[in-house]
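What TrEMBL lists as ATP binding site is 11, 12, 13, 14, 15, 16.
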Ligand code: ATP
């Protein structure tokens, strides 16, 4: 079975497009969700983190204090390296597990990830689909959705791969600067293409 990567900048419409594939019966896994799941209370990774950084890294309810962890790894590169060494293989293994559900009959699944091209996650996929919108649209949709201020969203966009570079790495592009019905049509066409290519 083929794994196809779906990526795009913040607010480009990855989740929106993934749900459209989902409506056609395509299984998809969100890499951000998996990164959160592997450190939920009760997981081996969270136990290791609490042993390493001390119980202060947990909140009263036993969940990870992400803000505190972010501060530590921002200030101490060697701690960042330790954390990445722990989480990287765990996330990868869980991604691979979730990408292969039992009783699945279609010939492809989707890995949805904002960092597909920036990390070695691209090694898990056979093709790359980029969800593309102009930066102004990214900005306005993200601000409307998250109630973030403009400077904050601009900083995130600046830290991500530039639009042109991302498009160069695309095998397929979904133009999401369109009304949703037109985006659905593009998704339908890609679905047909993948069903033939991998069927
Ligand atoms: P993130 O990287 O931040 O998780 P994302 O790439 O998954 O974002 P979405 O959450 O799917 O992006 O879309 C961003 C916002 O834009 C959402 O509020 C969504 O409803 C809206 N949106 C997406 N596509 C369209 C469209 N074609 N027309 C109008 N609004 C859209």
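Positions of Cβ are set from backbone N, Cα and C atoms, glycine also.
Apart from 11, 12, 13, 14, 15, 16, the residues listed for ATP, the same chain places the Cβ atoms of 8, 17, 131, 141, 176 within 8 Å of the centroid of those Cβ atoms.
Taken residue by residue with DSSP, residue 16 (ATP binding site) is part of a helix. Applying an 8 A CB threshold to same-chain residues 6+ apart, the list for residue 12 (ATP binding site) reads 131, 132, 133, 138, 176. The Cβ of residue 14 (ATP binding site) has 26 neighbouring Cβ atoms from other residues within 10 Å, across all protein chains displayed. According to DSSP, residue 11 (ATP binding site) is assigned to coil rather than to any helix or strand.
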